[in-house]
Ligand code: RTP
Ligand code: MG
């Protein structure tokens, strides 16, 4: 059964452009509740650890540099079928391929600077949420 939480980041491009509030509004309007949230800035080392699954991919070094280039919001979101529904809301990785009305279609600048992250499985949602938040920093 699908769990009801997912993990997201508002990436440096969207944070820097002042789009965090508008993105959060779309997330809440789609029925997600924020159960943990903070502004933070990743070091290159922490970004490398977070994206370790991608370490063999050609874009890994660029991605880690980009994700540590400015502040982000990290958040845990709650909704039925959270992982799948959130990935639908954000749209395809490359904004050129993202459906109309999706967060990436509206706010992403490029395939890398694509406004938001969304976990790709229940297992990764848990791992990624635990990467940023301890028990006292989230709604249990
Ligand atoms: P995310 O993990 O951020 O939600 O994105 P995703 O599942 O749609 O994409 P994924 O394959 O997991 O890639 C992670 C992030 O790496 C950057 N990327 N750059 N230059 C490229 O070809 C390329 N491909 C991916 C994007 O920032 C992507 O979100
Ligand atoms: Mg991914």
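Each Cβ is built from the backbone N, Cα and C atoms, and glycine gets one as well.
Going through 87, 138 against TrEMBL, the one listed in the ATP site together with 11, 59, 93, 104, 114 turns out to be 87. Same-chain residues at least 6 positions away in sequence with a Cβ under 8 Å from that of residue 117 (active site, pros-phosphohistidine intermediate) are, in sequence order, 7, 8, 9, 11. Minimal Cβ crowding within 10 Å, among the binding-site residues 93, 114, is found at 93.
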